[in-house]
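Below: one structure, written as structure tokens.
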Number of protein chains: 2
Amino acid sequence: MAARMTRQRAAVVEALDELADFRSAQQLHETLRARGESVGLATVYRALQALAEASEVDVLRAEDGESLYRRCARREHHHHLVCRHCGRTVEIDGPTVESWASKVAAAQGFDDIEHTIELWGTCADCRASSKG
Amino acid sequence: MAARMTRQRAAVVEALDELADFRSAQQLHETLRARGESVGLATVYRALQALAEASEVDVLRAEDGESLYRRCARREHHHHLVCRHCGRTVEIDGPTVESWASKVAAAQGFDDIEHTIELWGTCADCRASSKG
DNA sequence: CGAAGTCATGAGAACGATTCTCACGCGGCG
DNA sequence: CGCCGCGTGAGAATCGTTCTCATGACTTCG
Ligand SMILES: [Mn+2]
Ligand SMILES: [Mn+2]
Ligand SMILES: [Zn+2]
Ligand SMILES: [Zn+2]
């Protein structure tokens, strides 16, 4: 049942692999278009959706609500520190946070617990280029 | 320079006070409408926006991207454990998490750090009523 | 009180990211 | 060749949210 690997999907995966940072579907679409790869926007969305379901990419919501995608180095559960200006990303572990989160939720009688933990900031490069 | 307290804004605040849980702008609008208070949807949005800027309400994004609003008991920084079915909310503190977050981000040379930490689950009531 | 100025309201249009529709293309298989 | 299942993509549709703008309410000042 694996999805068919088409030229378009390969292009999306390749673009993700070259880009180390979180990018929106539209940014990826633009990137592909710029390099001559012709891929429809709807197809980019579908590819990202499939990859997300297969845990091949991580998805997070920017502060403005836009979804950002990234092909992370590790497949295991982890979180991110993301530059809100350029998307630069650092993967972070939080064993402490993990146990804290599940403990707190269980103590309140909640089930099916999930957590959203993301850190946002301005990376050193963006700080330097925006002010000095 | 405080915003003018109109009938509409008072109604929004009152609805928020009576509802203990996170609610969307549209849910609040429907609630007001149901109780006979006539308030435009745009006005509800504007009131919530103003309240959020004044830190009178907390805002968070549901998994589907919709914004949810709540008048929290405490004004200080805190996080939430929210039932994804009914919006039931428990305010939580995380001193450990706070220091962990800022430490991690600073270690990577990031500035203007913010964090998003929200816990989602199914509350005891929703679990009981949905299955058994 | 009354006029002018300021801000709030609300109906509907506009927005923007995402999803859906559907006609079409492609490749495999018999 | 004809059939089938699925991927594609252009454009329409969705949906929460914001914007526009004509109108109304409240404040200030004469
Ligand atoms: Mn975690
Ligand atoms: Mn915090
Ligand atoms: Zn940056
Ligand atoms: Zn619940």
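Numbering starts at 1 and runs along the chain as displayed.
Placement of Cβ uses the backbone N, Cα and C atoms for every residue, glycine included.
Computed from a predicted structure; not experimentally measured.
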According to TrEMBL, B:His77, B:Glu98 bind Fe cation; which one of B:His29, B:His115 is listed for that same site?
B:His115
Within 8 Å of the Cβ centre of B:Cys83, B:Cys86, B:Cys123, B:Cys126, which other residues of the chain have their Cβ, at the recorded Zn(2+) site?
B:Arg84, B:His85, B:Gly87, B:Arg88, B:Thr122, B:Ala124, B:Asp125, B:Arg127
Under 8 Å Cβ-Cβ to anything in chain A: which of these binding-site residues pass, B:His77, B:Cys86, B:Glu98?
none
Please go through the binding-site residues B:Cys83, B:Cys86, B:Cys123, B:Cys126 one by one and keep those whose C-beta falls under 6 A from any atom of ligand 2; give the result in sequence order.
none
What's the CA-CA gap between B:Glu98 (Fe cation binding site) and B:Cys83 (Zn(2+) binding site) in angstrom, rounded?
23
In whole Å, how far does the CA atom of B:His77 (Fe cation binding site) lie from that of B:Cys123 (Zn(2+) binding site)?
23
Counting every protein chain shown, other Cβ atoms within 10 Å of the Cβ of B:Cys86 (Zn(2+) binding site) number 14
